[in-house]
Amino acid sequence: MVVSNIESEKESFKSPKSLRDDPNSPIPIPALSPNICQKSIKKTPPKIRENLREKDGFRNSWEFILTAMGLSVGFANIWRFPQKALENGGSAFLIVYIICAIFFGLPTIYLEFFIGQYHQISSPIIFQRICPVLEGIGWMSSILSIFSSIYYLVIISWILIFMINLFRGDWKIWNKCDNLWNDPESCWRNTLCANNSLEPEFEFEYEHSNGSCEFSTDFKEISPSEQYFSNRILRISQGILDFETVNWPIFISMIICWILVGLMIFRGMKMIGKISYVTVILPYFLIIILFILGLTLDGASDGLSHFFLHPKFSQIFSFEIWSEALKQLCISFSIGHGSIISLSSYNYSNKQQKSPNCFIISIIILSANISLSILSGATVFSNLGFLAKQRKSSIFEIVENRKSLIFVAYLEVFGELDVPWIWVFILFLMMFLMGLSAEIALLETFCSNIYDKFPKMRRKKYIVVPIYIFLLSILGLIFSTSSGFYWFEIIDEYSSSIAIFSILSQTLVLMYIYGSKHIRQDIIDLLGVSSHFQLFFGANSPFWRFNWMFISPIIGIIGLLINICQNGFSIFGWILVILPISIVPIFAIINFIRFKKVSKSALQLQKDHPSYDRIKGKLISKKVAEKSLPEASPKIIKAPEVLQKSRRKSEKKMHEFG
């Protein structure tokens, strides 16, 4: 008798799934939202939870935040932002960049952080779940991350050569004009002639290679540090197709860097999180030291005034400066690369820790990015102000090749200081660490995509990582030739167009194919319902939905069109653009054929999507769900009790009419 009572009691407390599948149930039980009860129903389906157990995530929230900052804040702000500000009027570019960062950068980075954390899987699988024919959007961004990782590694290899040459004693000669790599007709050295100005009416005065002063009103000066970078480090050839001459120092340096980053990503996100304590935190202290040093220079105020106080409003209203700011934004934030989505997929809660809020992280990343851009720009412009006063020229005429700005602006100044090699070491150590932090996050993106697409490969990192690094090193060989700098400039100019197209594609798919209402509900499921002040400015603010539906797509379309018109026709550049974009239709055809063979639609939401049950439940039995579930806090009411009450109520009604 007791046994039968126990069995009947067990039968009465069926799980939600068994009640939903029971044909004898008196009412249809709708699919429940994952946030009805966190204790009884998990937020993610079983397949995702299985993948999470396999992922070697971060040990704590700080490691995730620092790694995210290493990816989206740092290297491009130090290397690229000052040269773009110099090319586009200084303070005018700064104003436009901040506006673009707020209305395009922040919404995009928030959206990418969110979908990565919500799905806890990489970009290709996310779009495959939304609509299988759109899986190629994720792989397109993954290919872009490969281009960017090669681009960054080339710069890191240059920095490594500078550091090696520093210890060899080259710091004594790279500010001189009497070296074999100098062009005696254009090399300009200001020390002697600045103290020996006999004819001040002449516009330029410079030290010739023989040490004597010459005067000219028509002279194109190039600093010795710029010639050191162009002629000694890069050894630039005359044409883009000159592959015959190999730059062996760059070749060896790239191999060393590939091996170094390969060892780091082999250990996974746990190792990357540990490294971020050094590669992210230390460079911020170093850039502050360089900024304070720049403020002490004679003429620094002139450079800072150009960067902060004298915007040319005619430039602000030009399309070119907005296009450049948008390209800088995509590169510095690493948006559209799939890297943020992949990184955020490791940001999940467990028994030991609670995952950090992706919206708060987005605000932190935005603030840090803008702050570091301002700090880096101010440091470089203060140095340029010093050099301009020494040369008696404009700060916009200091550097001929703007790609070498970071080296010229610092090395020329450090040459005038006591113990210059210490300051040079601080500069290159800072850039090397920042480059590593961004590089390993970009490289991990493609590896994570492979592991999520083929889960068994996660256990074979010893095969995947070496093959991956080897193939990338083969692709990077072109940059170790004398024409490598031309190919570097092509990636620098054209990769941002791919990033804008990638951002535009993923935003339109999420807003108009998956649905903005579902995105809003997904945010509520992940971050909770906002209240009071947060309702208008928090994670669930209507502004984000409006921005993702209208503002960001419009900015992206305009920016893409300007880039297309600006870049003109370069066969190599457009091959670079078309290659990753062509991945989208290729995967669409493959998945359409694959799904058709098993009589399934490749145009529908897939069952392994975290919100599949909720979305289908709303479409099929929304009224039943509203009647069967009482109005109460979902965190207090347990799902089995809710279903049991509904069942008893219906049985009572049937008994009354029975």
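Each residue, glycine too, has its Cβ placed from N, Cα and C.
Keep in mind that TrEMBL annotations are predicted by a computer and have not been checked by a curator.
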One of Ser332, Ser334, Ser339, Ser404 listed by TrEMBL as binding Na(+) at the site of Gly70, Val73, Asn77, Asn369:
Ser332
When you check TrEMBL, which of Cys177, Cys193 turns out to share a disulphide bond with Cys187?
Cys177
DSSP secondary structure for Asn369 (Na(+) binding site), reduced to helix/strand/coil, please.
helix
Would you mind pulling the DSSP three-state label for Ser332 (Na(+) binding site)?
helix
Would you list the other residues of this chain near Na(+) - those whose C-beta lies within 8 angstroms of the C-beta centroid of Gly70, Val73, Asn77, Ser332, Asn369 - in sequence order?
Met69, Leu71, Ser72, Gly74, Phe75, Ala76, Phe333, Ile365, Ala368, Leu372, Ser373
Rounded Cα distance in angstrom between Cys177 (disulfide bond) and Ser332 (Na(+) binding site) is 35
Asn77 (Na(+) binding site) CB neighbourhood, other CB atoms within 10 A:
26
According to DSSP, does Gly70 (Na(+) binding site) sit in a helix, a strand, or coil?
helix
Might you list, by sequence position, any residue in that chain lying six or more from Ser332 (Na(+) binding site) with a Cβ less than 8 Å away from its Cβ?
Ser72, Val73, Ala76, Asn77, Arg80, Phe81, Asn369, Ser373
Just to be sure I understand the packing, how many Cβ atoms besides its own are within 10 Å of the Cβ of Asn369 (Na(+) binding site)?
25
Taking just the CA atoms, what is the gap between Cys187 (disulfide bond) and Gly70 (Na(+) binding site) in Å?
37
